[in-house]
Every structure is written in C-alpha cells, then in structure tokens.
Amino acid sequence: MQVVQQIFENGSFMTNSVITAAAEKTPPSVARKVRGLSDRAIAWIFVAPTIFLLLAINIFPLIWTVRLSFTDYRANRLNREVEWVGLRNYERILTDDGIWMNMQATAHFLVWTIVFQVLIGFALAYLINKKFKGSALWTTIIVLPMMLSPAVVGNFWTFLYQPQIGLINYMVEFFTGIPASSFSMLGSVELAPWAIVIVDTWMWTPFVMLICLAGLRSIPDYIYEAAEIDRASKWRQFWTITIPMVLPFLMLAVLFRGIENFKMFDLVVQLTGGGPGSITELASINLKREAFEKWRTGYSSAYAVILFVTIFGLASIYVKALNKVKAR
Amino acid sequence: MRDLVSGFLRFRRGPWEMLATVLIGLGVVMLMQPLFLWAYTWSFIVTLAGTVMFLVVSHFPE
C-alpha cells in the first residue's frame, strides 16, 4: 500500500524505477504466488466477474422461470402454498383460443411488416447504391426514423392518426374524398392492425435498407462488367447477379426483423395498447398482462418459455445465416 | 440426394442442421397459422425438438 502511495505521490506513474521499487518491496511470499499463476488462471480471474454476472442476471432467472412454469405460483400472493402442476400450464396455453388469436395477431404484424420492409428497403438501397449527387444526404435522412425512441414514435404517430386533427386522416380525405373524421385508424378493428404495420414499417425500413446496401456494395464490379461483355440485359443481370448475391443479406434482415417483431411490445402499447378489443394484442403484450395484471406467474412463466424457445430457435437460424454471410 | 442421405447417416452437420432449421421453421408456422388448432397445440413440441436438435447437431463435424 505504501508503495502505491509513493507511486501516486511522486506523480510519475509506472516509470521503470517505480516498478523496480515496487517489485523489490513486494513480500517474497506474495511475489511467489503471483508468479505461480498461469496465463489461463489470470484470464479466468479477469473473466470470472462477467461470468458470475451472466449467471446471476441471465441464466438463473431463466432456470427459475422454467421451474415456475410447472407451478401455480402467484407473485402477488407470497404466503400462498405453491403447488406443482406439471405440464398443465403448457397444456392450457397451447389449447387456449385467446392466445392462439394473439399469436395470429403477432403473425399478421410479423408477416406484413417484413414484406413491406424488405420490398421498400431493397428498393431504397437499390436507388441509393446508384451513387447520385446528394446520395449520402438522402441516406442520412432515410435512416433518421430508426434512431428515434419507440415511445416517441408511438406518441407522435398517435397524433398523426388522430381522427379530428391527425395529418393522416386529412391526407386520406385529400386523396380519396373520405371525410377525415369518419374513420379512426387506431380505433377501428379493420384498420388498427394495419396502422401498427405502417408505423413499424416507417421506423424500421431504413434498417433493412442499410443491410441491403451493404449486400449491394459487396458485389464486385467485374461481375457486372463480365455480364455486360456477354451482352446480358440489365433485367437478367438483376435476377442472376444482384438478387442471388444480396439474398444472404436479405435473409439476415428478414430474420433480424422477424425476431425483433416477434417480441414487439413498446411501439404497439404506445399506439393501441392492444386494442380495440384485443385485435392488436401481440403475444408479448398478452404475456405482460398475464404476468403483471392478472398475476398468474406460473402460467405466464410457461407462456414466456414458449416464446423464448421460439425466439431461441429463430436466433439459431439467424446465427447460421450470419456465419454464411461472414464466410462470403 | 444421395449426399444428403449419407450426410445424415455419417452424422454430418450440414444435413442435420438443415433438418433442425426446417423443424424450427415448421414449428413457428404451426404456432402462428390461423387454420388448425391442433397445429397450434403441437407447435411448441416441434419448435423445441428443432431447437434442441440444432444445439446438438451444431457440434457434429462438417
């Protein structure tokens, strides 16, 4: 300790003479112990806190959730005796019509957001890749929505969808003649699922665009030059060079957006709160209700395990696709 | 086709990973389809089987 104090008092941190002085003043028993540690042991000492945190924050809660999923535990009734119910929670969830409907709402959201984001994102990337004057500025403008917070996006789109003062309704009236106050995007059973698709598409298309742009820029020019020499038309070049070479990147974008939208919560809660009725109640919103409004902790743990296994499976495919892209 | 079958028999990663991927994809489709309740009921088992298989076979040699 004295040595350390001297080091800092002198202000010459870690000069050779100081290191030598420190080494000389280290008791022989301590020095022997430090010298005796292998590189592997030192590496473990450095990594151990992270592994401990990972186990405490990720692995333990996961194992605990799996354990709770076989019980009828309720987190708001701590003194109640917990009963082991076996697979009953899973059986109830997987035969429940209501949860099946939530899964279908999730599927509607997932499929349409991915379709729109891939089509628009690829088209934008294709245009930006043409390198026209000001393309860098346009790229910056296009990627702005994905830098915003989902809570902020949810709030201002709620205003845009407002039937009396909302810009969207007035635009619809301007183009179609349908009176602005005659429909509510977020209040209608038919329109609300599409309203959340539009907002997510607006927010996350730039992300897909960036991935597609990376794919397009990875195609070497000489391939197109060779195709030109062979007199391949632009259309043929697009289908036989561009699409096959961008496909792994597109797949990556689809998987990434699929996983993200499967667990979508914040944006939809801000926009519709799951309504009207439960038409936009996605699986994650329903899970939150079961866990923290109805306090069916055991049941919602089983629900969480089902969603986790699905996301984990999709993530495994995602990692495989990522490795494929890396190998290129 | 013969390569695929021999890959399965010799426990090679490629074909087994593909099978696991198909099972996971099928499980997700079964979970979210609007037509058959029985498919929804069995979706979790299929996804779980695919995911566990993926974890195991990713340790097979190439």
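Glycine too: its Cβ is placed from the backbone N, Cα and C atoms.
Automated prediction, rather than curation, is the source of TrEMBL annotations.
TrEMBL lists A:103-318 with the feature domain 'ABC transmembrane type-1'.
Non-local neighbours of the transmembrane segment (A:41-64) in the same chain are 308; each lies 6+ residues outside the stretch with a CB under 8 Å from one of its CB atoms. As annotated by TrEMBL, transmembrane segment applies to A:41-64 (among others).
For the transmembrane segment (A:109-128), same-chain residues at least 6 beyond its ends with a Cβ under 8 Å from one of its own Cβ atoms are 135, 138-139, 142, 193-194, 196-197, 200-201, 204-213, 215-216, 246, 250, 253-254, 257-258, 261-262, 264, 268, 280, 282. Feature annotation from TrEMBL assigns transmembrane segment to A:109-128 (among others).
Marked as transmembrane segment by TrEMBL: A:135-157 (among others). Sequence-distant contacts of the transmembrane segment (A:135-157) (same chain, six or more residues past either end, CB-CB distance under 8 Å): 124, 128, 199, 202-207, 209-210, 213, 266-271.
TrEMBL lists A:191-216 (among others) with the feature transmembrane segment.
What TrEMBL lists as transmembrane segment is A:237-259 (among others).
Feature annotation from TrEMBL assigns transmembrane segment to A:301-319 (among others). Long-range neighbours of the transmembrane segment (A:301-319) within the same chain, counting only residues 6 or more positions beyond its ends whose Cβ lies under 8 Å from a Cβ of the stretch, are 62, 65-66, 68-70, 73, 89-90, 93-94, 99, 252, 255-256, 258-259, 262-263, 283-284, 286-287, 290-291.
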Long-range neighbours of the transmembrane segment (A:237-259), counting only residues six or more past its ends (CB under 8 A):
110, 113-114, 117-118, 121-122, 204, 207-208, 211-212, 214-216, 218-219, 223-224, 227, 311, 314-315, 317-318, 321-322, 324-325, 328
